[in-house]
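To keep things clear, I will list the structure first and then write my remarks on it.
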Amino acid sequence: MTPGELALASGNHTPVTQFVLLGFSNDPDFQELLFGGFLLIYAMTVVGNLGMVMLIFTDSRLHSPMYFFLSVLSFLDICYSSVITPKLLVNFLASDKSISFKGCVVQLTFFVMHVTTESFLLASMAYDRFMAICRPLHYGSLMTKRTCLQLVTASYAFGCVNSAIQTGNVFALPFCGPNQVTHYFCDILPLLWLACANTATTRMVLYIFSALVTLLPAAVILTSYGLVLVVIGRMRSPAGREKALSTCASHFLAIAIFYGTVVFTYVQPHRSTNDTSDQIVSVFYTIIIPMLNPFIYSLRNKEAVSLSVPIICLLIIEAFGDVPPNNLPPRATLLKATSKSKRSKCYFGSERSIPLKGNII
């Protein structure tokens, strides 16, 4: 029996007003070490993703569907990492690791919404690459600004619907007595372990909707990249084929980690024990992946790197240099002088052309 069922059987009907997040360890020295490590990861996540968003929106050369989706992905990574990591960092140093009942509801709501949205956004990004590589003649007319906005809106809509269903499914259950969550944030399965009721139906709803929001986008991604690989195999240039395959491999790695850990945590049938190994697995898609995405999706792209380096240099010169700001070269001149990469003109607007087939991000 679960702790919640034992409390109910013993006649304990005291409603829970707060939960205690037990986290990873009670060793103070180990918690300080974890605090430093996770603080560094969170700082890299915020700086990397926020920098990518600013770069994409401030430079007109990156106003294309591909980079638009990347900016939304970076925004999502900041959001759902910020839902969990700040509270985790506080708990590493605080003796009181509690979170209010309402705070737990809010954390779970926004976490499920952002993770589900990212799942469908990754499918939209795969579809965009499929159109760019396999349907280049129709890419400019199909992947318009309106289409991209509709795909992002649909991703958020799926995220909101799944969040409402999953959160309502959990907190419709009664919680009495036990309130120690064997996790570092309010996740669904550890909360079900504390519910003072039979959770068989609730778990079935969890598995069904978790499978829908992970396996369906994964099927779109596999199909899209499978067709892209077929086109890549027909390329005559060995160098272009090798570059495209290398980039696709990095994308598959990020997608495999994200979907693999999510499926392991929410879709597979679980034992009737409160398995603490789920904490380690969930670290990958809640903390590690948001940090790695800017490197995997953007820094491997020569166009993004060539545009980000001069901007960083200019900011450093303006902040710490001895040259008066009026004597600095114009930003546009600096960008033009350092950017040598080929760029596609598949922009949001009237200027359109066929995208380069080798430009797979």
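Positions of Cβ are set from backbone N, Cα and C atoms, glycine also.
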Matching range for TrEMBL feature annotation, transmembrane segment, among 130-147, 148-165: 148-165
Integer mean pLDDT for the domain 'G-protein coupled receptors family 1 profile' (48-297): 86
